Each structure stands twice: as structure tokens, then as C-alpha cells.
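Positions annotated as domain 'Galectin 1' by Swiss-Prot, on the basis of sequence analysis: 17-147. Annotated beta-D-galactoside 1 binding site per Swiss-Prot: 47, 60, 64, 74, 81, 82, 83, 84, 85, 86, 87, in sequence order. Per Swiss-Prot, the feature domain 'Galectin 2' maps to 226-354; the stated evidence is sequence analysis. Taken from Swiss-Prot, the feature beta-D-galactoside 2 binding site applies to 266, 270, 280, 286, 287, 288, 289, 290, 291, 292, supported by similarity to another entry.
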């Protein structure tokens, strides 16, 4: 099944966020949220509702991190909650990026988290009454994207990526109903990425090209080498995101977090050696390299990538395509002075968020 854009995405929405779903919910509509959970979260809520009052919520999706972590699903009608459906499993990790997808079908919502089927929730009220999405809680959002299998197709003119195009939801066998406790085991699903060109978008702004899906921008949004400031530098819980495509004949590229003339953190994938080098440069002198990784080389020639760097009090944490790959202990301790991002080498940049 092919999916196509139905409305421009909301970029970098400020939490709590409430926005209109153009045309309301429709059968086949998929809503994708990509973001990062705060390091010390309490709760997250995604509501599909009628209007902005919050009195009528068709689907309340509510991860709660207390008591070992679980997810509550519910419906509110005329200001009154119905019976809860709980899944005693937490699909989100503290301080880590996530991709959350909701697929609207005639009888239920299906929910995927990080490419895995998580739960389905049967409609208690007509879904076509829903015209608003609201998001709140302990998270940062990069975007909310809307796509549908019934919209007119637009031919992509740019490369696809690996992290956030509509996923293929598993089908329930006919005659079987989903249980409210335990639900179903997670199932792997293939995913491809939308390329979103944005440079420090206005929070909550919608892109102005509804006729072209996010992956269809033909012009590179960034020049290499790329430099930009990091407002207020780093501090615990501060994170940045860099997405791009590795060139087919790439030898290496690097991401530098700079502190004046020094490099506090140098992240340097080298394709001939199949390693990712980490280091610090102080007064033009490099320190000892760190090369070990728990798994294989996470970057590949000719393929897309998404790098997320989270600052904590003692280290930087790095995830590639949603998978944690390493920690790098701070060698330069004055985190607010680390205020410049540099990206260079054999890649094309598609998205930077600082």
C-alpha cells in the first residue's frame, strides 16, 4: 500500500501542542510523530479529539513511566472518561528518540512504536468526528506528519531514507478480536524515511507546499561544510538532530561540536576502515581516539541516516537511526561554551535541528 501526504507536517511544535487535522480523520490516514523522550519523564499523552476543549477525545494514548511503565488507552465523551484499556509494557525509553505511528482504520486505531506493532484500539465514537490532535507531556517533538493511502500520488524526486515513511501495519486475522490486556507481540515492519528540509523552523509552523510530500524536495537544503550556532550551548537534556544521505563513494564525514577554537566532540565515520572515531581537540592537539562500538558500523554508503546527540552531565549519548551506539565522556567541561555545530565530508544534509 502506498501512502501520500495529505497536509503539510507540523515542524518542531512546542509542547503542549494542539493542531488541526485538515479534513478530519479518514480511513487509511496515518499520523507519524517523531521526537525524543525527556531523560526523566513522567507521562506523555497523544489525543485525537473533537475541537480544542479536550472534552471529547476519541483516542487517548497515554504512556506512563511510573510503576515500571505502562500505556493507558481511553476515550472521553462529554468530559467523562470511559473504562481504561491498559497495556503493561513501555515501548519508549527515557532520553531516547522515538517514532510513533497511528493508522486509522474503519474499526480501530493501530499503533506502531519504533517500527514495531504495539497495540490497536477499537473505536468507541465515530472517528470522522475527530479534527484535532494534541500532544503533551515529557517529550520533544521534531514533527507530526500526515499521510494517506487514498490521496493522489506525487512522484518522489529525491532519495528515500531509512527512518520515517509510513510503516506496514500487520493485519488481524478475520474473526479475531484484540484483547485489552497483553495485546499482541511486537512485529517487525519495513520503514523508509521522509526527507524534511527545515532550518530552525518556527515552532508549530506548517510547511507551505501541501501538494508535495516531505520527501519530494529536489534542492539540497544545506551546503557542505555546514556551520550553525547552538543557542545557549549545551546543558544536561539538550539534544541536537542531524539527518542526511551518505554519498555512494564516501570515504568519511564528521560532526564537530565546537567550543571556540577547540572541538569538544568529534564524531567521524570512516567507511574504508568501517569505524566511527570519537575524539576531542584542544589547542590544535587531538586526544586519544575512541573507536569501539557494540555492533557493526551504523552508517552505509548511499544510504540515509539520522544522528541524535543528547548531552548529559557526564557525557554525550549518540543514537543513529534510533539505536544507541555510544557514550562519550566530556573532556571539555564547560558545556554552555560548546555552541557551534560543524558538519563536513562526503554526505548531503537534509535536516538539522539545534
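Even glycines carry a Cβ here, placed using N, Cα and C.
The shown structure was predicted, so the numbers you read here are calculated from the model rather than taken from an experiment.
Overlay of Swiss-Prot feature records on the structure.
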residue : record                            : Cβ contacts under 8 Å, 6 or more apart
47      : beta-D-galactoside 1 binding site : 54, 57, 59, 60, 61, 133, 134, 135
64      : beta-D-galactoside 1 binding site : 42, 43, 70, 71, 72
81      : beta-D-galactoside 1 binding site : 60, 74, 75
83      : beta-D-galactoside 1 binding site : 74
280     : beta-D-galactoside 2 binding site : 262, 263, 264, 265, 266, 286, 287, 331, 332
289     : beta-D-galactoside 2 binding site : 277, 278, 279
291     : beta-D-galactoside 2 binding site : 275, 276, 277, 278
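For residue 87 (beta-D-galactoside 1 binding site), the Cβ neighbour count at a 10 Å cut-off comes to 21, with all displayed protein chains included.
The beta-D-galactoside 2 site in the record is lined by 266, 270, 280, 286, 287, 288, 289, 290, 291, 292, and its two most distant CA atoms lie 18 Å apart. Around the Cβ of residue 287 (beta-D-galactoside 2 binding site), the number of neighbouring Cβ atoms within 10 Å comes to 13. Residue 266 (beta-D-galactoside 2 binding site) is surrounded by 21 other CB atoms, counting those within 10 A of its CB over all protein chains shown. Residue counts for the domain 'Galectin 1' (17-147) under DSSP, helix first, then strand, then coil, are 3 helix, 77 strand, 51 coil.
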